[in-house]
Amino acid sequence: MGKSWVMNTSLLFFILFLQTLKHVHASYKCYGDFFTGNYGINRDNLLSTLPSNVVNNGGFYNASLGRNNRIHVVALCIRGYEAQACKTCLEHVIDDTKSNCPHQKETFSWVTEEANDVLCNLRYTNHSTFGKLELLPFTINPNSKVLESYKNMTLFSQEWTAMVNRTLEAASTADTSSVLKYYSATRTEFTEIPDVYAMMQCTPDLSPSDCNRCLRECVNEFQRQCWGRLGGGVGRPSCYFRWDLFEFYKAFDNVTKVLAPPRQCSPPALDCGRDEKHFEGRHIAIIVVPAIINLIIFVGLICSWKRKTSDTGIKESYNPYDGQSMLRFDFVMLRTATHDFSPETKLGEGGFGSVYKGVLPNGQEIAVKRLTKGSGQGDMEFRNEVLLLTRLQHRNLVKLLGFCNEGDEEILVYEFVPNSSLDHFIFDEHKRCLLTWDVRYRIIEGVARGLLYLHEDSQLRIIHRDLKASNILLDAEMNPKVADFGMARLFNMDQTRGQTSRVVGTYGYMAPEYATYGQFSAKSDVYSFGIMLLEMISGKRNKSMKEEEGEEEEEQEGLLDFVWKKWSEGKYAEMIDPLAAPSNNISVDQVMKLIHIGLLCVQEDVFKRPTINSVLIWLESHAATTMPVPTPVTFLTAPSSPSSSLHG
């Protein structure tokens with residue numbers, strides 16, 4: 001009892017602590033190759049006078065410098081800025097960019113200088129972007145508060161859509177009286193909210209149609225990833241959109257409030273968005289006074305929580321407050337959406353419960369995981385997924401839409417991913433031919449980007465511990481999404497490894513040090529990634545995976561033995577899946593690079609494995625890449641248990 005209560009209070013404090021982070025201060029994207037030669041010198045020379053040049057040129061400035069290592073810079077401050085505030089903002093973003101993106105050739109950021117509440121933008125590249133629309137990469141920063149307290153969601157959606165459309169139309173209409181000609185700020189009174197604020201800004205080198213498209217993509221991305229959150233911002237290299245329930249950037253001093261006319265339209269359409277092919281940047285946040293306020297709230301909640309658990313018998317294993325920034329679903333609604341959890345809607349079954357396809361009243365398709373009743377480990381998985389996925393937002397991670405915990409029901413609700421999981425393709429002779437080398441390469445890159453976000457770029461540092469083909473979901477365009485965080489572990493930002501006496505996961509994907517000694521780290525996930533990569537290349541299932549029922553045991557070497565033997569003999573063609581369709585975009589050298597990366601990832605010595613950051617750099621490099629030479633790999637034999645999956 002006491003130990004469980006301490007664990008739950010710790011989780012609650014963790015959530016309260018995270019919610020003291022202000023959601024928009026600085027969002028950086030570092031991407032492109034690493035620079036060499038004079039590029040860094042040219043960058044520093046150009047940036048040294050940039051703040052003054054922006055102010056002296058009406059708030060927007062572009063320049064380039066150098067010959068062979070030429071750099072192109074674009075920067076602006078939002079309309080209505082004060083000169084000193086603009087310079088200070090740009091000075092801060094320049095310093096932070098050099099610190100966070102010290103060696104990349106390309107970066108962009110939309111930054112708030114907190115003291116003066118001004119927004120500024122910096123972008124530099126190794127190619128000219130002036131006058132060109134650039135949509136990728138993007139940053140997204142949603143607020144934590146959600147819409148569940150508002151009664152009429154349909155009306156809110158109509159009013160929000162009307163506000164956004166009005167702001168977008170005004171922003172994309174060129175105002176030639178200002179250098180910052182694409183800008184709009186609106187203040188709108190909703191039926192249930194007194195004031196809602198929206199602001200949009202495009203870089204002034206765009207055409208009106210490109211500005212409109214850029215802002216529309218920002219709105220679509222917010223709807224796709226963050227619909228249901230009360231406020232947030234989306235930044236792309238060429239534009240920025242933010243809305244909130246309070247004034248920001250001093251953008252609304254002379255803005256007249258208008259009423260939002262209800263429109264006869266459905267809730268905002270969800271746009272699938274575009275593939276983000278670059279590194280996720282770091283989100284820099286500053287902890288302010290709310291930390292103290294939340295600490296007071298925390299003490300009060302603990303007292304009331306203890307009283308409530310003793311008076312009403314609420315389960316100690318999960319506190320609903322942990323998931324307050326997510327939507328709670330009504331059990332009756334979920335039962336209706338899945339036709340009473342009928343076998344016809346069942347998508348699959350895992351260690352802790354079954355997954356069903358459902359359709360909400362508004363037509364949205366969802367995946368519903370109903371955890372097995374009475375499973376103590378299921379309770380832990382439930383809390384783990386809600387706690388972690390509440391704070392994670394990435395294109396290559398499955399999105400948790402909400403949860404239901406009524407009575408003894410514990411249900412997780414995810415976005416619906418139509419193409420099922422990766423294992424349904426790579427181990428099916430009929431479907432495997434659909435995985436061209438283009439598609440396989442894109443899936444491998446996407447999973448690597450998702451892992452990089454978990455290991456290095458998110459607000460948390462997370463070790464997945466159960467990465468495998470069946471936990472990689474594929475959307476309609478075959479983009480991968482890492483799923484199933486029930487076994488994931490949260491690390492401190494300075495923590496590099498952990499140890500447990502309760503080994504969980506799937507044999508065949510487990511790193512040797514984890515399966516044998518319970519030691520796990522980011523390199524454990526890298527090992528699992530390497531196994532999955534080699535399975536995709538060869539089309540062969542790792543032999544220690546659980547045999548399908550009725551399938552005969554084959555007297556052949558395991559996957560790692562097979563790949564290493566062919567690699568060392570130089571028989572590269574024999575280790576490549578013969579059913580993989582050829583591709584004009586993926587060369588034989590790139591396939592060989594994949595095999596090389598896979599062998600490095602599954603090195604028995606954890607120190608010889610690369611980080612996922614190194615893996616992604618190798619994958620995204622189109623030039624000849626020097627990689628370490630792999631040493632012989634060892635096949636990890638599963639125990640004699642009939643099941644290859646461990647759940648503690």
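Each Cβ is built from the backbone N, Cα and C atoms, and glycine gets one as well.
Taken from TrEMBL, the feature ATP binding site covers K369. Taken from TrEMBL, the feature domain 'Gnk2-homologous' covers 19-129, 141-248. As annotated by TrEMBL, domain 'Protein kinase' applies to 341-625. Taken from TrEMBL, the feature signal peptide applies to 1-26. Among the features that TrEMBL reports, transmembrane segment is placed at 284-305.
For K369 (ATP binding site), other Cβ atoms within 10 Å of its Cβ number 27.
DSSP labels the residues of the domain 'Gnk2-homologous' (141-248) in these numbers: 38 helix, 29 strand, 41 coil. The DSSP secondary structure for the residue listed as 'ATP binding site' is strand. In the predicted model, the domain 'Gnk2-homologous' (19-129) has a mean pLDDT of 85.
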